[in-house]
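Remarks on the structure that follows.
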Amino acid sequence: MALFVHLKTVSELRGRGDRIAKVTFRGQSFYSRVLENREDVADFDETFRWPVASSIDSNEILEIQIFNYSKVFSNKLIGTFRMVLQKVVEEKRVEVTDTLIDDNNAIIKTSLCVEVRYQATDGTVGSWDDGDFLGDESLHEEEKDSQETDGLLPGSRPSSRTPGEKSFRRAGRSVFSAMKLGKNRSHKEEPQRQDEPAVLEMEDLDRLAVRLGDGLDPESVSLASVTALTTNVSNKRSKPDIKMVPGAGRPVDYQVSITVIEARQLVGLNMDPVVCVEVGDDKKYTSMKESTNCPYYNEYFVFDFHVSPDVMFDKIIKISVIHSKNLLRSGTLVGSFKMDVGTVYSQPEHQFHHKWAILSDPDDISAGLKGYVKCDVAVVGKGDNIKTPHKANETDEDDIEGNLLLPEGVPPERQWARFYVKIYRAEGLPRMNTSLMANVKKAFIGENKDLVDPYVQVFFAGQKGKTSVQKSSYEPLWNEQVIFTDLFPPLCKRMKVQIRDSDKVNDVAIGTHFIDLRKISNDGDKGFLPTLGPAWVNMYGSTRNYTLLDEHQDLNEGLGEGVSFRARLMLGLAVEILDTSNPELTSSTEVQVEQATPVSESCTGKLEEFFLFGAFLEASMIDRKNGDKPITFEVTIGNYGNEVDGLSRPQRPRPRKEPGDEEEVDLIQSSSDEDAGEGGDLASVSSTPPMRPQITDRNYFHLPYLERKPCIYIKSWWPDQRRRLYNANIMDHIADKLEEGLNDVQEMIKTEKSYPERRLRGVLEELSCGCYRFLSLADKDQGHSSHTRLDRERLKSCMRELESMGQQAKTLRAQVKRHTVRDKLRLCQNFLQKLRFLADEPQHSIPDVFIWMMNNNKRTAYARVPSKDLLFSIVEEELGKDCAKVKTLFLKLPGKRGFGSVGWTVQAKLELYLWLGLSKQRKDFLCGLPCGFEEVKAAQGLGLHAFPPISLVYTKKQAFQLRAHMYQARSLFAADSSGLSDPFARVFFINQSQCTEVLNETLCPTWDQMLVFDNLELYGEAHELRDDPPIIVIEIYDQDTMGKADFMGRTFAKPLVKMADEAYCPPRFPPQLEYYQIYRGNATAGDLLAAFELLQIGPAGKADLPPINGPGDMDRGPIMPVPVGIRPVLSKYRIEVLFWGLRDLKRVNLAQVDRPRVDIECAGKGVQSSLIHNYKKNPNFNTLVKWFEVDLPENELLHPPLNIRVVDCRAFGRYTLVGSHAVSSLRRFIYRPPDRSAPNWNTTGRLPQGRRVLCDGGPSSHPPGEVVVNMEPEVPVRKLETMVKLDATSDAVIKVDVADEEKEKKKKKKKGSSEEPEEEEPDESMLDWWSKYFASIDTMKEQLRQQEASGIDLEEKEEVENTEGLKGPMKGKEKAKAAKEEKKKRTQSPGTGQGPEAPEKKKPKIDELKVYPKELESEFDNFEDWLHTFNLLRGKTGDDEDSSTEEERIVGRFKGSLCVYKVPLPEDVSREAGYDPTYGMFQGIPSNDPINVLVRVYVVRATDLHPADINGKADPYIAIRLGKTDIRDKENYISKQLNPVFGKSFDIEASFPMESMLTVAVYDWDLVGTDDLIGETKIDLENRFYSKHRATCGIAQTYSIHGYNIWRDPMKPSQILTRLCKEGKVDGPHFGPPGRVKVSNRVFTGPSEIEDENGQRKPTEEHVALSALRHWEDIPRVGCRLVPEHVETRPLLNPDKPGIEQGRLELWVDMFPMDMPAPGTPLDISPRKPKKYELRVIVWNTDEVVLEDDDFFTGEKSSDIFVRGWLKGQQEDKQDTDVHYHSLTGEGNFNWRYLFPFDYLAAEERIVISKKESMFSWDETEYKIPARLTLQIWDADHFSADDFLGAIELDLNRFPRGAKTAKQCTMEMATGEVDVPLVSIFKQKRVKGWWPLLARNENDEFELTGKVEAELHLLTAEEAEKNPVGLARNEPDPLEKPKRPDTSFIWFLNPLKSARYFLWHTSRWRFLKLLLLLALLLMLALFLYSLPGYMVKKLLGA
């Protein structure tokens, strides 16, 4: 829907003036162009267009205002015209001529003529009169406007275009339309030009802004889309993609490192857990820990992979805990946790650090969690550097729930869910078998089988399931579902669905589809569970022809970009969250396959007939390798159009019969695919006629289409799911606009153009309009039967997202100010990512279109175009971006063939016009073609309007001349082994090509050459060519004497077009030089500086063209230079070069470099260094400074690079190139003289504002101009004040050493006791260097934590601001206030820093050093403050696959510097005192004579070393190399340790410059064979030595002359200060009254006394001198940060694994010149020896122990209790009490003593044990384990294993204080649910009490199983020796025997007695009854026994 207003003329105007019109509809206004100097008639002749989302109401109003335009004042209104649109709505088209009315509504004479046209939703439209368009065919016009893909959003400025000679303008001229935004590149690649001549300077712009914005503040003016102006957005051409991106299938190096630290709360009794870590198919195990539910491992595993990213990120990381695994049995799984590698990689820093993985049992999903494993997981790709948090003593008690191993946003309680993947059917499968057998069968049996046996396999979360095999079917029907059970949300992002062909030998993949779960679900509060379909997904892969060995099989596995349609599969996905409490649930997670309910045919949408049309306008740059056989191009969509190997073409649905049709004949599928179309029979024509190529030049052919352009068209049938594609298109349009805008803004910031913030505001305005536009469009047709649940949910969530994005963009727009542009730009990048993510539609509909180049019926190269980009819609925003456009396509080689340099040569370049839409919409499929053609139709289609043409014949052609001004290129690719290239450029335009000259041996050629292309014939209308010229391709090659030139890169350009009737004059001509980015593959390979103009040759021939000035230089022959107006304006510059020396030169052609020299060249001029006569003896130059003058462009961005080359002078005048370096930007070396007119020029810019004035008294306390920096402590000082500065660049923690410690202590004592008890002052003698180190690490971590916190706060603030739109401005102020507060805190004098940053804990006062978590160089700018290092390169630049890095090409280093300045310099520079003219700008540099230095290297420790031995460990030792010195500390290797503490220092004498590169390496010691290098780090000592930052010996924090913090430097602070002042020519230092020093105009104060060893106080100046040094950066002019006392952390690298860190090394280096006083002995940093302790544990009693045994006789419950305890591990030192037998009440008495001797490191809170790992181990391994005492109660059994009853683990550093009585002892003490005071045995020394013992019941819940009364007593080894005690109850100091009740001991004394006791005591009545019964029975038996005898006697009467 759209409203068009064609404003024709305004007549009867009064006076003469500039006229402008403003047209307004629905609140949106457009301005016309300004008509200058018109009298009574103004011919505007412009058309404005409003896309309207809702129908126009008949009472809406259109308003047109006419103004007199003024550049300076506001425009003056002439009159207004208003019109009600009722008639327009009824008639669709109205033409009106009417008078205007003035301000007072009075009619004036002036009248206007306007035509209004309304295009309603149904596509009906009022037609224009044919006469309105001269020579244009009206039939193309109708829907032309709805086709334009500008995505005209309300408020945006659409592009202007002019069909017809009259200007037909669409809505134009928004506020800033007159602006030129300068150089603009959409997508960074396509350099575009502007079409508008009007260029405004910025000042006019401001006025314009003020005028049009009614005096708006320029801070809030925005520049909306000026795309129309800046980028030549054409309607007829879409942008080419410059990057030839190779397939994603190339393998890369990855390293997955996993540290398993510990496990907790494992479910099960008394287990022996092992952790198994699995990545993909690799498994590694930790060692086994016995009898514990919370094992501590701290083991590090590394997995190396070399696979493609897709494969890598789908690998599953699985961490499982196994109980009692050993060699013989596999153990039982306790629980496991899995996530995919991609989830880890997408985390910040690609890692999870110290997080807890939740274990669950996959075989029993109703069980709940099975425990936690704490681990670090990191995934590193080549070149990623991971910041590992500092490995220090991690003592913080872990909050498990708060640190779960889950990505952000995943709930901690994950539930079990079932994933149902429903597989319905597939279509269009390719043949997967040779037809040989089939043909035989067919001949014999007559059956014709489909040659494929498909089944579907689904992979998810490390499991796979598959459907049944459907034999011999191209269209298999499955209706099955594969069911996975996994936790929801799953931590695996993708599900892989693969159709495979079942085969007796091996099954192969036919096609693969990945379902990204993030795209089919939404985790928000209004989100939805993953759901999909039923929908078709298209699968792409290798070409369809069957071969036994398919070279592109990888493509079918889903690696790389598919090159052909393979099949489509109908599938669905649903997720059901399980209720695990349901008893019927099957609790296993095995994959199941079941039948699924079939769905109807129509559920995926109604089948519609689609029509695809394509016209080939140009085919050039065809690679010569393809031979000169005829070439044809084939276009396919799905299997339609595929003549060669489509084979199983889908049966086309029959058109449904309409009532009243005569009997329809069943159309047999014939090869021509006939169809009774609207215009007779329409056969698909899918390939162009074969044509022989013609030669363009040495590398390329072209096809001579000339004026006859071949066409193709294809009919195909697909379910109508256009809505999905339309929504995606709308979002893509918004995203493209946004991306283009953001690139503009970045470009403006980069090239320092003014007002980037305005452009950003415009971009945001455009974004919010676009979002609202989406809401109105996407809502249209929702109730579609074929909409799946996902369609509905996605639409809802997209609408929500875009609505909120629109809101945020609005509020963000208000906050964009000049200083916030960069931050806001980052936020906008997030919008862009989100839009791109939302636009990607997971349910496919129409397959992509493939264009194949066929050569001799073989497929050679292809291009793939997404169908959504070609899809037609009548709503402009929904239109695909390439629909009805001419698209430039570069064909590439398929699959792996396209990898590497082969794939970078273009196979062919096509100019192709494409259109795809419903057949019924196809009447305008030609509307976007360049005009001026006639259609040629196939025989059957003659005379039918709607029948597509088979070719187009252009009748109009224009003659042009192209001038390519090739000025220079820089930073090109090194293609020769010398490290240089011989570059030339080849320019292609249509079918011509020309080359520049070859410049030898340079990477920065300045060709300065104009190439002229004559006789260019372009087809189409002239005006279209003006807006839309074809693109120019520029390729850079390296000329080789032998063989073919090597390809070095490619770029595109659009020429600036001048028509014959335009003048060649500013502002458009002559064109400006611009930088074009050169790409090689998808890597950038330099820039080209050039300009291109395309000039129309008019009727008068070439005479009209601007003249070409003939060859300028006679010596260059016929080569024409770039003309004067285009080449840059030059000025004279002088370049001074400091030649210092050469380092590390490698051999050249096996000969050593002996007499090197350096040549410097820039812009054709240059200078040579002096010759080094003997490189080995002294590699420094003897003449230090030389200079040369050169003409450089005024514009610094155009400065040419400067080349540094090193040559070796051999005998007989031969020179050999050693290596070269190109300084691509001279910017950092340009010297700009200071502006002395500024009042305080010498301090400007040096001092942060806040630091200038820190006064301790009133303003009168010192002379004016001085700034006092007060170092005295304030009175109520805290012990340790940490001032944390939040800005990264500032130096470390500032603290103040208090010399008056005594006063302090007294103060403290007075203060004490009121607050919490203070920690006692650490005893000096106790402290050592390590105390200082660990204190510093704590400080560092604290700082990092605060930085993170403050970072998060800021982000939260941003978020809040963005969401709370209206409160924005107020928030801004608050923020500013907060920032000021921060600053204040930061700059307060260090004594007063009571800010929130001061740590809460009062730590003891320990002097600290600075721990840098990275190299010192990165903190101090590589120490290149005056001496720069340039790497000399040689050899070819590596391509991606050679993986040769920059490192390998380095053949040496040149040290020196440059200074570039305009001449002449201001006088006063050279007049300064002590100016030495020989040194030019490099005043005050030291001499470069050799100097001897003592280098002292301190190596502290290494962390995270890469394992080097099979056992997953390493035996590291240190090796140090410097010059000829090579120290290997082999005998002190540390066994089996990946985090070794070395604590060593090494002294080396070296002489600079010969020996200046220090290498510190870590090797792995091996018993046999050579030692392996783990990694090494290199340090350039020379730069450090000479740096102004004074990196020779770090400045300590405080000055002391004894103790652990002794001053290391041979020079005292006062001497250093004096020397610095002298060198920097600074006035000072003046030591004033004690405690003050004045340097320049700064005064520093501080303590004035020092204490020696004996406690005597002496006056000293060192403290104040030190305070001045620590603030040296505040000194004006010369100040800079001095390196503090520090430890740096350096990454270890291994040349075999470039780019991947192998661990880190902490060290520092001190250097002392030998001609100075010798330094003292090195500091002792040897690792702390663990201290020996003895822990005595007395187990007194137990109570309430659960009773386990049933009595044999009586069934009574009892337990035979004993207590087991250990400290280090069950194997090493477990001790058991004796057994308390038969406790009936759960009470046990023991009085039993355990003794545990152990070695303990207090700083790390770890126990150290050394033991052999196994019987085969060579030596002992040192382990550090947490200090935890375990107490367990057991029930002793005689014959079976003892039963475990319960346990408690006490961490000796912090465990709950025991209860006083057994009653008060509760279970909660141990679970931490109640707050119990925690005690540390190391502080308390002796603790007694009751503790609960716990075990888990069947439901995994803790229950109390007993209580134990124990006493813990800790003694040092010496104390223990002095008063020894016995083990158990032995001497000395024996414990008395426990008084156990009788029952307990009887067993031993008298078994009978005890039996009597048991039996009689409990059941005497039972016994009595039993005896009575027995007596009765006996009597009865006797009676029966004697009865017969008596009977006989009685009878016989005997």
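Every residue, even glycine, has its Cβ placed from backbone N, Cα and C.
Whatever TrEMBL says is automated annotation, not expert-curated.
According to TrEMBL, the protein has these features:
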- 1-98: domain 'C2' (DOMAIN)
- 129-169: region 'Disordered' (REGION)
- 137-147: compositional bias 'Basic and acidic residues' (COMPBIAS)
- 179-198: region 'Disordered' (REGION)
- 187-196: compositional bias 'Basic and acidic residues' (COMPBIAS)
- 236-357: domain 'C2' (DOMAIN)
- 400-531: domain 'C2' (DOMAIN)
- 642-693: region 'Disordered' (REGION)
- 660-678: compositional bias 'Acidic residues' (COMPBIAS)
- 944-1069: domain 'C2' (DOMAIN)
- 1116-1242: domain 'C2' (DOMAIN)
- 1301-1325: region 'Disordered' (REGION)
- 1315-1325: compositional bias 'Acidic residues' (COMPBIAS)
- 1345-1406: region 'Disordered' (REGION)
- 1353-1362: compositional bias 'Acidic residues' (COMPBIAS)
- 1371-1384: compositional bias 'Basic and acidic residues' (COMPBIAS)
- 1465-1594: domain 'C2' (DOMAIN)
- 1715-1866: domain 'C2' (DOMAIN)
- 1967-1987: transmembrane segment (TRANSMEM)
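Across the domain 'C2' (236-357), DSSP classifies residues as 14 helix, 62 strand, 46 coil. Counted over residue pairs 6 or more apart, the CB atoms of the domain 'C2' (400-531) and the domain 'C2' (944-1069) come under 8 Å in fewer than three pairs, which marks the two as apart. Residue counts for the domain 'C2' (944-1069) under DSSP (helix as H, G, I; strand as E, B; rest coil) come to 6 helix, 63 strand, 57 coil. Remark: secondary structure over the domain 'C2' (400-531) totals 14 helix, 56 strand, 62 coil, with classes taken from DSSP. Helix, strand and coil counts from DSSP across the domain 'C2' (1465-1594) read 17 helix, 53 strand, 60 coil. Across the domain 'C2' (1-98), DSSP classifies residues as 6 helix, 60 strand, 32 coil. Residues in the domain 'C2' (1116-1242) partition by DSSP class (helix H, G, I; strand E, B; coil) as 10 helix, 55 strand, 62 coil. Confidence across the domain 'C2' (1465-1594), taken as the mean pLDDT and rounded to a whole number, stands at 89.
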